[in-house]
Amino acid sequence: MCEEETTALVCDNGSGLCKAGFAGDDAPRAVFPSIVGRPRHQGVMVGMGQKDSYVGDEAQSKRGILTLKYPIEHGIITNWDDMEKIWHHSFYNELRVAPEEHPTLLTEAPLNPKANREKMTQIMFETFNVPAMYVAIQAVLSLYASGRTTGIVLDSGDGVTHNVPIYEGYALPHAIMRLDLAGRDLTDYLMKILTERGYSFVTTAEREIVRDIKEKLCYVALDFENEMATAASSSSLEKSYELPDGQVITIGNERFRCPETLFQPSFIGMESAGIHETTYNSIMKCDIDIRKDLYANNVLSGGTTMYPGIADRMQKEITALAPSTMKIKIIAPPERKYSVWIGGSILASLSTFQQMWISKPEYDEAGPSIVHRKCF
């Protein structure tokens, strides 16, 4: 336990899940939903010790009586009071540490507004009194976790998808692509197409069931048209799923129609390019001399890249777009669901990183704007 006295904390705040733990560990200790719930009704049972707000798993389990809010929308923090509750929950309830004793590494979405980084810095030093902190870009951490400093990361989570080209450890902001299409939208789309099949999923509780179906049964087809033909002519692609009440439902072409939306956003009425095209467009916005390195280092990260078949499909689609002689490699690490956190854990435990922290005295002298000078 002596070790943990000065260990840095790493907190990766995603739109869907918050991942928190100690630098140097190979996986986060705590993973919980980024939600804050408040009671919808006045408590009637006296002395029940009802709280005015619940965070994470507890909010999820009591969702029937709560109004749930996600403080992080599309990767960017929009509700600071709720965000403070999530950080408080991470430190005190999940990790059981006193933040004033640990340097803390936070993550941010690519192209996070400047005011947001300052606000994060301010809350860490003034509300939680951390001795030191740092803010790192999520996609850059994923790249570190894969053992690279140059490459293009496709980071797709619950709320947002980004393509981030990185050269020698620096993200190239002019070429970053953002797509507001991610896990939550795919869950919604799966709810919609299952409803068309005659199964009814409407409430937030049922939405969690659909998310589970999505995570267990969906996959990306290598050739969508062929797969649709196979599904129509045989039942080889059908799988059954048992609902919590014991009812069994059968799911067929929905298994690959759902994630196909990533490649064809028009499925949900979005006028946007698919993830293969945004990857290509992002590479084309980079300097001609580094494109070769980016094509050869396509790193997938985030929970929405966990579909079986996604790497092969990306390989096929990007090969079709790129020059014919180009070597294209898609890297899909098995732990990519948590690779942002893992990259943070690696970074915060490097000896060379220790002078990069923003310390409390530096903050007191310069104020929140110091984050732009020290974290880039």
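The backbone N, Cα and C atoms fix where each Cβ goes, glycine too.
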| note | Checking H74, H276 against Swiss-Prot, the one recorded as tele-methylhistidine is H74
| request: Write out the long-range same-chain contacts of H74 (tele-methylhistidine), meaning residues 6 or more apart in sequence whose Cβ is under 8 Å from its Cβ. | output: S15, A109, G159, V160, D180
